[in-house]
Amino acid sequence: MNPRRKSRLKIVLFILIGVSIASGLVMYALRSNIDLFYTPSEVVNGKQNDASQKPEVGQRIRVGGMVVAGSVKRDSKTLKVQFDVNDIGPSITVEYEGILPDLFREGQGIVAQGTLIEPTVLQASEVLAKHDENYVPPELGEQLEKVHKPMGISNTDLTGESERDQQEKESR
(Lines of atoms letter the chains of each structure in order from A and count residues from 1; the text may use other names and numbers.)
(Lines give C-alpha, C1' and ligand atoms only; values in the text may rest on other atoms or scores of the structure.)
Protein backbone atom coordinates (compact mmCIF):
# COMPACT_ATOMS: atom_id res chain seq x y z
CA MET A 1 0.00 0.00 0.00
CA ASN A 2 1.41 3.34 -0.96
CA PRO A 3 1.78 6.19 1.59
CA ARG A 4 -1.02 8.22 0.03
CA ARG A 5 -3.56 5.42 0.49
CA LYS A 6 -2.34 4.84 4.05
CA SER A 7 -2.96 8.47 4.98
CA ARG A 8 -6.46 8.39 3.39
CA LEU A 9 -7.28 5.18 5.24
CA LYS A 10 -6.15 6.73 8.54
CA ILE A 11 -8.33 9.80 7.92
CA VAL A 12 -11.38 7.67 7.05
CA LEU A 13 -10.88 5.46 10.11
CA PHE A 14 -10.42 8.51 12.35
CA ILE A 15 -13.67 10.04 11.02
CA LEU A 16 -15.59 6.75 11.49
CA ILE A 17 -14.33 6.36 15.05
CA GLY A 18 -15.23 9.99 15.82
CA VAL A 19 -18.74 9.62 14.40
CA SER A 20 -19.23 6.37 16.34
CA ILE A 21 -18.16 7.97 19.62
CA ALA A 22 -20.36 11.03 19.01
CA SER A 23 -23.36 8.81 18.17
CA GLY A 24 -22.81 6.75 21.31
CA LEU A 25 -22.66 9.86 23.51
CA VAL A 26 -25.83 11.29 21.94
CA MET A 27 -27.69 8.01 22.47
CA TYR A 28 -26.51 7.85 26.09
CA ALA A 29 -27.61 11.44 26.74
CA LEU A 30 -31.03 10.86 25.20
CA ARG A 31 -31.53 7.63 27.11
CA SER A 32 -30.92 9.29 30.46
CA ASN A 33 -33.34 12.16 29.72
CA ILE A 34 -36.32 10.19 28.43
CA ASP A 35 -39.15 10.02 30.96
CA LEU A 36 -41.68 7.33 30.11
CA PHE A 37 -45.39 7.99 30.74
CA TYR A 38 -47.36 5.63 32.98
CA THR A 39 -50.80 5.56 34.56
CA PRO A 40 -50.95 4.57 38.25
CA SER A 41 -52.31 1.13 37.24
CA GLU A 42 -49.32 0.63 34.94
CA VAL A 43 -46.88 1.58 37.71
CA VAL A 44 -48.40 -1.07 39.99
CA ASN A 45 -49.24 -3.81 37.45
CA GLY A 46 -46.93 -3.05 34.51
CA LYS A 47 -47.89 -1.92 31.02
CA GLN A 48 -50.66 -4.14 29.61
CA ASN A 49 -50.68 -6.00 32.97
CA ASP A 50 -47.22 -7.43 32.20
CA ALA A 51 -45.12 -7.32 35.38
CA SER A 52 -41.92 -7.36 33.31
CA GLN A 53 -42.87 -3.90 31.98
CA LYS A 54 -43.16 -2.25 35.40
CA PRO A 55 -40.93 0.77 36.00
CA GLU A 56 -37.94 0.05 38.21
CA VAL A 57 -37.19 1.81 41.49
CA GLY A 58 -34.84 4.69 40.67
CA GLN A 59 -36.26 5.18 37.16
CA ARG A 60 -37.43 8.64 36.03
CA ILE A 61 -41.05 8.50 34.89
CA ARG A 62 -44.13 10.63 34.35
CA VAL A 63 -47.39 9.54 35.96
CA GLY A 64 -50.79 10.93 35.03
CA GLY A 65 -54.04 10.46 36.88
CA MET A 66 -56.54 12.03 39.24
CA VAL A 67 -55.71 13.27 42.75
CA VAL A 68 -57.60 11.05 45.20
CA ALA A 69 -60.06 12.99 47.38
CA GLY A 70 -58.91 13.21 51.00
CA SER A 71 -55.36 12.09 50.25
CA VAL A 72 -53.54 15.46 50.22
CA LYS A 73 -51.25 15.84 53.25
CA ARG A 74 -49.26 19.06 53.66
CA ASP A 75 -46.36 19.60 56.04
CA SER A 76 -47.14 22.79 57.99
CA LYS A 77 -43.46 23.73 58.38
CA THR A 78 -42.21 23.12 54.83
CA LEU A 79 -43.51 23.00 51.28
CA LYS A 80 -43.67 19.19 51.33
CA VAL A 81 -46.90 17.70 50.02
CA GLN A 82 -47.93 14.07 49.73
CA PHE A 83 -50.99 12.86 47.81
CA ASP A 84 -52.33 9.80 46.05
CA VAL A 85 -53.01 9.59 42.32
CA ASN A 86 -55.13 6.97 40.62
CA ASP A 87 -56.99 6.17 37.44
CA ILE A 88 -59.63 3.48 37.95
CA GLY A 89 -57.26 0.90 39.41
CA PRO A 90 -54.73 1.11 42.23
CA SER A 91 -53.26 4.38 43.52
CA ILE A 92 -49.69 5.50 43.88
CA THR A 93 -48.33 8.06 46.32
CA VAL A 94 -46.64 11.20 45.04
CA GLU A 95 -44.27 13.17 47.28
CA TYR A 96 -43.44 16.70 46.17
CA GLU A 97 -41.59 19.61 47.72
CA GLY A 98 -42.40 22.97 46.20
CA ILE A 99 -45.26 25.22 45.24
CA LEU A 100 -48.11 23.33 43.61
CA PRO A 101 -49.90 24.78 40.56
CA ASP A 102 -52.88 27.06 41.27
CA LEU A 103 -55.25 24.57 39.64
CA PHE A 104 -54.10 21.67 41.84
CA ARG A 105 -56.90 20.23 43.96
CA GLU A 106 -58.45 16.92 44.96
CA GLY A 107 -60.28 15.19 42.12
CA GLN A 108 -58.21 17.15 39.57
CA GLY A 109 -56.14 15.54 36.82
CA ILE A 110 -52.38 15.95 37.16
CA VAL A 111 -49.14 14.77 35.61
CA ALA A 112 -46.22 14.27 38.00
CA GLN A 113 -42.67 13.84 36.76
CA GLY A 114 -40.00 12.40 38.99
CA THR A 115 -38.17 9.34 40.27
CA LEU A 116 -39.76 6.17 41.58
CA ILE A 117 -38.32 5.73 45.11
CA GLU A 118 -40.46 2.71 46.06
CA PRO A 119 -42.64 0.48 43.86
CA THR A 120 -45.67 2.71 44.51
CA VAL A 121 -44.07 6.02 45.62
CA LEU A 122 -42.96 8.73 43.20
CA GLN A 123 -40.64 11.54 44.36
CA ALA A 124 -41.85 14.28 42.02
CA SER A 125 -39.63 17.04 40.73
CA GLU A 126 -42.51 18.66 38.83
CA VAL A 127 -46.31 18.56 39.15
CA LEU A 128 -48.54 19.85 36.36
CA ALA A 129 -52.29 20.40 36.74
CA LYS A 130 -54.69 20.34 33.83
CA HIS A 131 -55.93 23.76 32.82
CA ASP A 132 -59.70 23.24 32.57
CA GLU A 133 -62.34 20.72 33.55
CA ASN A 134 -62.52 19.01 30.12
CA TYR A 135 -58.81 18.79 29.29
CA VAL A 136 -57.06 15.42 29.49
CA PRO A 137 -53.39 15.13 28.47
CA PRO A 138 -53.24 13.20 25.16
CA GLU A 139 -51.11 10.44 26.66
CA LEU A 140 -53.44 10.07 29.65
CA GLY A 141 -56.50 10.13 27.40
CA GLU A 142 -55.10 7.31 25.26
CA GLN A 143 -54.19 5.27 28.33
CA LEU A 144 -57.57 5.86 29.99
CA GLU A 145 -59.37 4.79 26.81
CA LYS A 146 -57.31 1.59 26.66
CA VAL A 147 -58.06 0.84 30.31
CA HIS A 148 -61.74 1.81 30.29
CA LYS A 149 -62.98 0.44 26.96
CA PRO A 150 -62.67 -3.21 28.10
CA MET A 151 -64.53 -2.22 31.28
CA GLY A 152 -67.49 -0.82 29.31
CA ILE A 153 -66.93 2.79 30.35
CA SER A 154 -67.81 5.29 27.63
CA ASN A 155 -65.91 8.41 26.64
CA THR A 156 -68.64 10.59 28.19
CA ASP A 157 -67.90 8.90 31.52
CA LEU A 158 -64.28 10.01 31.15
CA THR A 159 -65.16 13.68 30.53
CA GLY A 160 -66.57 14.06 34.03
CA GLU A 161 -69.99 15.12 32.74
CA SER A 162 -72.70 14.39 35.30
CA GLU A 163 -76.01 12.67 34.56
CA ARG A 164 -77.82 15.95 35.22
CA ASP A 165 -75.66 17.74 32.62
CA GLN A 166 -76.38 14.96 30.11
CA GLN A 167 -80.14 15.18 30.81
CA GLU A 168 -80.09 18.97 30.38
CA LYS A 169 -78.37 18.58 27.01
CA GLU A 170 -80.93 16.01 25.89
CA SER A 171 -83.87 18.21 26.96
CA ARG A 172 -82.64 21.14 24.84
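Glycine too: its Cβ is placed from the backbone N, Cα and C atoms.
Broken down with DSSP, the topological domain 'Cytoplasmic' (1-8) shows 6 helix, 0 strand, 2 coil. Per Swiss-Prot, topological domain 'Cytoplasmic' is recorded for 1-8, and the stated evidence type is sequence analysis.
Taken from Swiss-Prot, the feature transmembrane segment covers 9-29, and the record attributes it to sequence analysis.
The topological domain 'Periplasmic' feature in Swiss-Prot is assigned to 30-172; the stated evidence is sequence analysis.
What Swiss-Prot lists as heme binding site is His131, Tyr135.
According to Swiss-Prot, the region 'Disordered' annotation covers 141-172.
Per Swiss-Prot, the feature compositional bias 'Basic and acidic residues' maps to 161-172.
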Query raised in the report: So what's the mean pLDDT when you look at the topological domain 'Cytoplasmic' (1-8)?
Result: 85
